[in-house]
Amino acid sequence: MMLEFQEWRHVFKLDPNKELNDDDLEAICESGTDGILVGGSDGVTLDNTLQLLARIRRFSVSCALEVSNLESITPGFDHYFIPSVVNSGEVKWISGLHHEAVKEFGPIMNWDEIVMEGYCIMNPDSKAATLTSAKTDLANEDVVAYARMVENMYQFPVFYLEYSGTFGDPQLVEEVSQVLTKTKLFYGGGIRTVEQAEQMAPFADTVVVGNVIYDDVQAALATIAAVKK
């Protein structure tokens, strides 16, 4: 049975711009993870997105596109996650590209499939932070304030704490979790071991596991039981 995103506990994030062989992809899709999020910071094209979608669709797992550019948007996903980078220094990453997208696709958009994410990028060395000019030197109370804004002002369904390749601060994740009631807390970044997954699982509604898939698929698979226990 496919779970709605509100019920996801564990998600794998697959990058269309990275190579993954068929056996590893099958292991990921059949693993018991709750969903697959397709997205990346660079090199994401319509071609490689479509290729990855077609390969994932051989399996019954729920599949969402995290939109990183307008060119790679294609029908066929269960959900379309749209990041609004709350700590970006550039308005285009907060609402500008969103305006362009709605201007172009508004009449044909299915709003039931669209999931807005308040995105807070925490790793200054990540591609995502550079791309979006994210202000990452934030005190915990800054991040908590962004979380409150995302839930109570913007009423987005998801607040995504993105550490993008480095392991974050479990205490901050706990603090954020304590102020969110309706908005779901997604945590992504640097989870490579069972122990790291276990540290974040009590606080994040959804734990996102990405990069380790491409280095050690068995380590990636081991995070599922750690999150769901």
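Backbone N, Cα and C define each Cβ position, glycine as well.
Feature annotation from Swiss-Prot assigns sn-glycerol 1-phosphate binding site to LYS13, TYR160, LEU161, GLU162, TYR163, SER164, GLY165, GLY190, GLY210, ASN211; the stated evidence is sequence analysis. Cβ neighbour count for GLY210 (sn-glycerol 1-phosphate binding site) (all protein chains, 10 Å cutoff from its Cβ): 22.
Residues or ranges marked as Mg(2+) binding site by Swiss-Prot: ASP15, SER41. Reduced to three states, the DSSP call for ASP15 (Mg(2+) binding site) is coil.
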Item to check | Spatial neighbours of GLY165 (sn-glycerol 1-phosphate binding site) that are distant in sequence (at least 6 apart) but have CB under 8 A | outcome: ASN123, ASP125, SER126, GLY189, GLY190, ASN211
